[in-house]
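Participant: One structure follows; several queries about it will come next.
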Amino acid sequence: LGELTASHVSPESVQLEWSVPEGTFDSFTVQYKDAQGQPQALPVDAGSRTVTVPGLSPSRRYKFNLYGLWGRKRLGPVSTDAVTGESCCLHYPCPQTALEPEEEPPSEPRLGELTASHVTPDSVQLEWSVPEGTFDSFTVQYKDAQGQPQALPVDAGSRTVTVPGLSPSHPYKFDLYGVWKQKRLGPISTDAVTGDSEHFLPTAAPAPAEEKPPSEPRLGELTASHVTPDSVQLEWSVPEGTFDSFTVQYKDAQGQPQALPVDAGSRTVTVP
């Protein structure tokens with residue numbers, strides 16, 4: 001890894017740029033702490049040498065650490081500090097940028113309504129609409145049962161997502177943001193209360209409940225291997241059936257819950 005620099009600083013975002021003098025990495029990860037002191041991680045593909053970190057707070061100092069992933073190793077970090085601009089600067093731009101806000105609104109996409117459906121004791125399915133334009137991606141934000149903020153990234157083509165790992169009989173507020181041209185638009189919000197675990201199962205008909213287990217997939221054993229000072233490789237088996245995807249959950253050194261999504265075909269993952 002070469003030098004990491006911060007450029008194009010605004011009240012709510014910072015663009016980072018870096019170099020790779022030698023070799024090639026499999027991917028990169030930018031780590032920093034948000035305004036609430038919660039650690040955040042932003043994955044970046046191998047071919048990129050720049051990324052914009054969105055959703056920051058105005059007039060705040062941030063430290064950004066960039067790691068390069070190569071094989072099963074995490075190399076680095078290289079670091080840089082940046083102070084976001086004052087929010088008042090948005091109202092007094094230079095003459096060149098003053099023209100941009102007047103040109104953007106016609107093509108700016110718009111979020112519609114956010115609704116919650118298919119509520120279970122440990123998950124909520126969210127659905128939304130986009131009446132105008134197209135977004136680059138979406139982000140669902142909420143607080144878990146311990147009050148810790150969580151963020152769930154969603155691709156541009158989706159209009160529905162299931163939020164897993166919730167607690168029974170707990171009220172949640174979900175905020176959906178649309179990301180467009182490095183801007184975060186929104187949010188639109190909805191509330192939902194997860195189901196009661198004691199009363200959820202009886203609502204299903206007895207006959208279908210007896211028929212499901214034979215086709216339900218089964219997880220085998222989970223083992224840890226290739227342990228290094230800053231990573232652990234996990235391996236598991238699926239003796240029966242197939243899963244749609246997997247999720248690895250753990251708490252980091254600061255006690256903050258982390259979630260690592262894994263695709264359906266994988267049977268191993270490295271936690272960096």
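Cβ atoms are placed via backbone N, Cα and C, with glycine included.
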Participant: For the region 'Disordered' entry in TrEMBL, name the matching range from 103-126, 127-150, 199-222.
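Facilitator: The range carrying the region 'Disordered' annotation in TrEMBL is 199-222.
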Participant: Helix, strand, coil: count each for the residues of the domain 'Fibronectin type-III' (1-90), based on DSSP.
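Facilitator: So the domain 'Fibronectin type-III' (1-90) is made up of 4 helix, 48 strand, 38 coil.
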